[in-house]
Every structure is written in C-alpha cells, then in structure tokens.
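Take this structure, written in structure tokens, and hold onto it; I'll ask about it next.
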Amino acid sequence: MSLVVQEQGSFQHILRLLNTNVDGNIKIVYALTTIKGVGRRYSNLVCKKADVDLHKRAGELTQEELERIVQIMQNPTHYKIPAWFLNRQNDITDGKDYHTLANNVESKLRDDLERLKKIRAHRGIRHFWGLRVRGQHTKTTGRRRA
C-alpha cells in the first residue's frame, strides 16, 4: 500500500452543504446523513450517482464533486432516482414527487400538520390534543404530559 500525501490546504474540516455544517473527518456517505432529509441509503445512492469514491473523507472531496452531490440531491428525478426512493411522493399541492432537504423538511411537516388541523381530520385533531396518532393504545400508557 502506497502512502498518498494530500496537499496541505485541500482538506476541509467543516463543509457547508445545504445550510448544514458537515464534518469533514468522517466518510462522505455518513457525513451526508447530518443533513436533514438524507439517510444512509439516500446518501449512498447519491454518492454512487455522482461517481464519488465512497471511502473518501468528506473533507477530501473537490469543490466540483461537492457541487455534483448537491445537484443530485436537489434534483433526484433528473438523475433517474426512482420516485419510491423520495421522501415526498405525490405532493398534496401539485401531485409531483420531491425529496425535501434541510430546512424544507420541517416547514413541509408543519404545513401538513396545519392542513390536517384545519380540515379537522382525525389525525389533525389527535395532534392538536397531543395524543397518539397512529392507533396505539392509550388506556395505560402515554399519561405523562408536558
């Protein structure tokens, strides 16, 4: 195994991707998971689509590779990532498939809950009351309230 010496100024300890600080010391597949809306499977797929070495540290990547990764994460359908892989399929407003990232995840979730409360759906009412939403038993559990 040969020793590869990197240039001194090329390693970045902290990267800024999609309004999130990403640690440059960990491998790129796991470093991308610090971005909200990106899990290990999605991160792995994006790195493969961007032709990035999966064993590289995040701080070792060039600016071009990082831009390619961000571009694929923001427009996954243009890079033949299937719709079932995305976290927002058949959106309620326009019926398209999206993958929401970073700050957008929280705002979309908040909008969905507000819509459910507004139309007085069962799930919305349970959220409003602070009760369990997904059909769990509540006779003996979940009594502690904030």
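Backbone N, Cα and C define each Cβ position, glycine as well.
Copied straight from Swiss-Prot:
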- Ser2: N-acetylserine (MOD_RES)
- Lys36: ubiquitin cross-link (CROSSLNK)
- Lys48: N6-methyllysine (MOD_RES)
- Lys49: ubiquitin cross-link (CROSSLNK)
- Lys80: ubiquitin cross-link (CROSSLNK)
- Lys96: ubiquitin cross-link (CROSSLNK)
Below 8 Å Cβ to Cβ and six or more residues apart, same chain only. Which residues does that give for Lys96 (ubiquitin cross-link)?
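Within the chain, Lys96 (ubiquitin cross-link) has Cβ neighbours under 8 Å at Asn90.
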Where Lys48 (N6-methyllysine) and Lys36 (ubiquitin cross-link) are concerned, what is their Cα separation in Å, rounded?
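For Lys48 (N6-methyllysine) versus Lys36 (ubiquitin cross-link), the Cα atoms are 20 Å apart.
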Between Lys49 (ubiquitin cross-link) and Lys80 (ubiquitin cross-link), how far is it from one CA atom to the other, in Å?
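Checking the Cα atoms of Lys49 (ubiquitin cross-link) and Lys80 (ubiquitin cross-link) gives a distance of 9 Å.
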Could you state the CA-to-CA distance between Lys80 (ubiquitin cross-link) and Lys36 (ubiquitin cross-link) to the nearest Å?
22
Which Cβ among the recorded positions (Lys48, Lys49) has the fewest C-beta neighbours inside 10 Å?
Lys48
Below 8 Å Cβ to Cβ and six or more residues apart, same chain only. Which residues does that give for Lys36 (ubiquitin cross-link)?
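Thr20, Leu101, Ala102, Asn103, Val105, Glu106 - these are the non-local Cβ neighbours of Lys36 (ubiquitin cross-link), listed in sequence order.
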Taking 10 A as the limit, how many CB atoms besides its own sit near the CB of Lys80 (ubiquitin cross-link)?
7
